[in-house]
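What follows is a single structure, and I will ask about it in a moment.
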Amino acid sequence: MSVDALTPPLSGRARLTLLVLCAAQFVVTLDFSILNVALPVLGSDLGMGRADLQWAVTAFALPSGGLLLLFGRLGDRYGRRRLFLLGLRVFTAASVLVALAPGTASFLTGRALQGVGAALIVPTGMALLTTSFPEGPLRERALGINGTVLSLGYTTGMVLALSAAAQRGFGAADVILSFSAGVLLLAVFAVVESRAAAPLVPLAMLRRRTVAWGNLGGLATVATMTALIFLLTLYLQDVLGLSPFRTGLLFGVQGLFAALGGLTASRVVARFGARRVLAGSLLFQAGATAPLAWLGTGPGAVWTALAGASVGVVGNLWAVVAYGVVATSGVPDDEQGLATGLVTSAQQLGTTVGIPLLSAAGAGWGLRPAIGVDAVVVAGVGVLVALGLRAGD
């Protein structure tokens, strides 16, 4: 009997729920990824200096990333639907403020409020999704559709954002400083949490093998795929001489393969199991990435890059959906907000650290060796995840 035959159809109410939740996640993801493209125009219109432009990114990223776990936990206690709807109102009002901002101060205030709205929407929306669809085929299908929508939103913004970012690059010193600060903040957070009477993230949650290894796999697949897109953008434009427009078209094709991966992920997970799919997809992504470390400069290099990135992103979407299933499986409904907050935090962290770290490797060693490092990292994590989840059986 086929997997489709074993999966019950979605009811009309379930379809509407999924549509609302996915639409909200799409808008937040698009807004996060596309901002870099609008920054030069915004700076010109509002008279913002370079330092102010950096704050336009930071003003959104700080509250959206820093409040995820808190709002996920509050949703568990006081009602996810209430906080989700509040997040939609805050995000909408903040977007109006950003669009009509007459100056820098009001614009940055709007960006910060957008970050707060996103931090309300993302963990509570994911928790509503996982609690609305029971563990098994229905949840896997819902997460697959959600992963597809997120990928389309992120790719839509990333195609434009990376074309602009490729003109600038990152300084290795800035990367090291930012990464060191991030490690320090994580260490402080861990110390505070270990001594707190009522920690935001109870250690019992992190001791769950599915939560720990699932989120590690998710962090790795997001970090390495976003970094690969960035490195390939640099290679296509700086080495092969493609225009930003042509580069954007190529990654638009990759976006179609990402949608294919998201739409087929639930079937793959249902057939082979989420744990196997997570580990296997990381290795699959690594296998598609590794040949790109030997990209040449001939006419076939463009198509080789497109093929590797397109095949790899299918594995990436399988891994994203599988890790969402793994990291939330077995968690009680009253802790789903915390579990999904960890899932979305892993995505945010992966997006944040992947590009700067591997772009620093590219600046020091060259773009192709950095792509090789990308493949080694995702393969290594795939092996660790396979061993870690297997040990928990």
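Every residue gets a Cβ built from N, Cα and C, even glycine.
Just so you know, TrEMBL annotations never went through curation; they're auto-generated.
According to TrEMBL, the feature domain 'Major facilitator superfamily (MFS) profile' maps to 17-393. Look at TrEMBL and you will find 16-41, 53-71, 83-101, 113-131, 143-166, 172-192, 213-236, 248-270, 277-295, 301-326, 338-358, 370-389 tagged as transmembrane segment.
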Return yes if the transmembrane segment (301-326) and the transmembrane segment (213-236) have at least 3 CB pairs under 8 Å (sequence gap of 6 or more), otherwise no.
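They do touch: at least three Cβ pairs between the two stretches lie under 8 Å.
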If I count Cβ-Cβ pairs under 8 A between the transmembrane segment (213-236) and each of 83-101, 248-270, 277-295, which range comes out on top?
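Answer is 277-295, with the largest number of Cβ pairs below 8 Å.
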Residues sitting near the transmembrane segment (277-295): Cβ under 8 Å, six or more positions beyond its termini, same chain?
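Distant Cβ neighbours of the transmembrane segment (277-295) are 214, 217, 220-221, 224-225, 228, 232, 235, 265, 268-269, 301, 304-305, 308-309, 311-312, 314-316, 318-319, 321-323, 326, 368-369, 371-372, 374-376, 378-379, 381-383, 385-386, 389.
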Between the stretches 83-101, 113-131, 248-270, which wins on the count of C-beta pairs under 8 angstroms to the transmembrane segment (338-358)?
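By the under-8 Å Cβ criterion, the transmembrane segment (338-358) pairs most with 113-131.
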Going along the chain, which residues at least six beyond the ends of the transmembrane segment (83-101) come within the CB cut-off of under 8 Å?
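Distant contacts of the transmembrane segment (83-101): 24, 27-28, 31, 46, 71, 74-75, 107, 109-114, 116-121, 124-125, 128.
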